[in-house]
Amino acid sequence: MRTDTRSALRPSQVVIIGSMVFGLMFGAGNLIFPVELGRGAGSQTPWATLGFLVTAVGLPVLAIIASALSGSRNVQEMARPVGVLYAAGFTVLLYLAIGPMLAIPRTATVSYEIGLAPVVPAGHQQLGLVLFSTAFFTLTLAAALRPGRLIDWVGRYLTPAFLALLAVLLVAAVAVPMNSSPLADPGSSATQSLSDGFLDGYNTLDALAGLAFAIVIIEAVRRYGVRDRARVAVATAQGGVLAGLAMAAVYGALAFLGATSVGAVPRADNGGAVLAQSSEHYFGSFGIWLIGAIVVLACLKTSIGLVVACGEMFSELFGTPTAYRLWTVGFVLVSWGLSNLGLTTIVEWSVPVLVLLYPLAIVTIVLGLLTPWLGRPPVVHRFAIGFVAVAAVVDFVVALPVTLPGSDALGRLAGQLLPGYSAGFGWVAPALVGFLVGLLVHRLSGGRADDSPAGSAPTLA
């Protein structure tokens, strides 16, 4: 790979960066959610898909762009205007939640359950999972220990292979729909379907992944020789937008597959089952292996990206760059162990953490997007994050798998005071109020307008 200093990426390099971003972001869950959406939306699938794209594609892409616009190399620097301790704590929780404590172990478990379990005898499922997860994480570790080749691993090889296999299924689904009769009326209006899709995309929590992967994407751009901060921001944004367009196209096709599967696939508990049965519908026994390969590739590339992102972030937080290999090996071993012990309890405890982190992450993204106009005034960040944190902590307490004294009453009170609380948006009003109060205090006090991590952030001037 060329590492000479250049001012901008060539078009072919932008495509490779975009392919890498797509590969990092698009895991097995991203395959399943739009299929379930289309299956439930029926004739309202276009509206539901549009709502889904706004949040499932828009938020992650905005997270990547916000990281670049803020002049930050990672989420810790983005959150630093609030305070050093907050930035470190938020970063650790975010990476643990979407890393070794939940997302990384699930990449192995989900890929095994959908991709391999159907062909493993019932009495050998646990042994099959152990053997599969060992091979899966061996490949993950081999790739993650060479982060300089992440562009090659994910951008050049795994993502194109994944898209080629997925295209076989999606082209068949679009060209020869399983159900040619008019789609069923779901009984909901276009507006309701749009709202449902919006919430489904929001609930994927992919904005957290966008923030976490920013460090990997920005470093990949720099490895191509781009050093100027503004040029890095532009190249990162270009890769994010290109990946977003590809995700939108794939999501649309998957939602169509889900919508037309009704009748042809009468019994399916989730989107994964619909995909598996749809693949078998089109290609017979070969379809079982096809969907297995699709899911394994989807999970493997995401697993590699998450391990690299966590390793790079923790080596910066708690050591030197030479500590990267130690953190990487540790994260892989923990993920391997958890993937074989079962994730039910971990998922139960991870949900409250994600509910706590997601509003904080979205506010961080919005503040990052405003950097070219607003700068990074600490008082604005502190008021916005402080206000939204109150609502997020309430959600955290209510979502805990154990009921704390007074938590039910706290939830009812929040539902009465916070608009949109029942839909999961109770944090929006506090965030807006906190931002406006912080902005007013900042203007009245004549406070400093910038707290960039290393010099001035990119501007749009």
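Cβ atoms are placed via backbone N, Cα and C, with glycine included.
Bear in mind that TrEMBL entries carry predicted annotations, made automatically and left uncurated.
What you are looking at is a predicted structure, and each value in this text was computed from that prediction instead of being measured.
According to TrEMBL, the features are:
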- 12-35: transmembrane segment (TRANSMEM)
- 47-70: transmembrane segment (TRANSMEM)
- 82-104: transmembrane segment (TRANSMEM)
- 124-145: transmembrane segment (TRANSMEM)
- 157-176: transmembrane segment (TRANSMEM)
- 202-221: transmembrane segment (TRANSMEM)
- 241-266: transmembrane segment (TRANSMEM)
- 286-311: transmembrane segment (TRANSMEM)
- 323-343: transmembrane segment (TRANSMEM)
- 349-371: transmembrane segment (TRANSMEM)
- 383-404: transmembrane segment (TRANSMEM)
- 424-441: transmembrane segment (TRANSMEM)
Among the ranges 82-104, 157-176, 241-266, 383-404, the one whose Cβ pairs under 8 Å to the transmembrane segment (12-35) are most numerous: 241-266
Top Cβ-contact partner of the transmembrane segment (157-176) among 47-70, 286-311, 323-343, 349-371, 383-404 (pairs under 8 Å): 286-311
Per Cβ pairs under 8 Å, the stretch of 47-70, 82-104, 202-221, 383-404, 424-441 packing most closely against the transmembrane segment (241-266): 47-70
Top Cβ-contact partner of the transmembrane segment (47-70) among 202-221, 323-343, 349-371, 383-404, 424-441 (pairs under 8 Å): 202-221
Beyond the flanks of the transmembrane segment (383-404) by 6 or more, those residues with Cβ under 8 Å of it: 79, 82, 86, 348-349, 351-353, 355-360, 363-364, 367, 410-411, 414, 418, 424, 426-427, 430-431, 433-435, 437-438, 441
Stretch with greatest number of CB pairs under 8 Å, the transmembrane segment (424-441) reference, 82-104, 202-221, 323-343, 349-371 candidates: 349-371
Listed stretch, out of 202-221, 286-311, 323-343, that has the most CB pairs under 8 angstroms to the transmembrane segment (82-104): 286-311
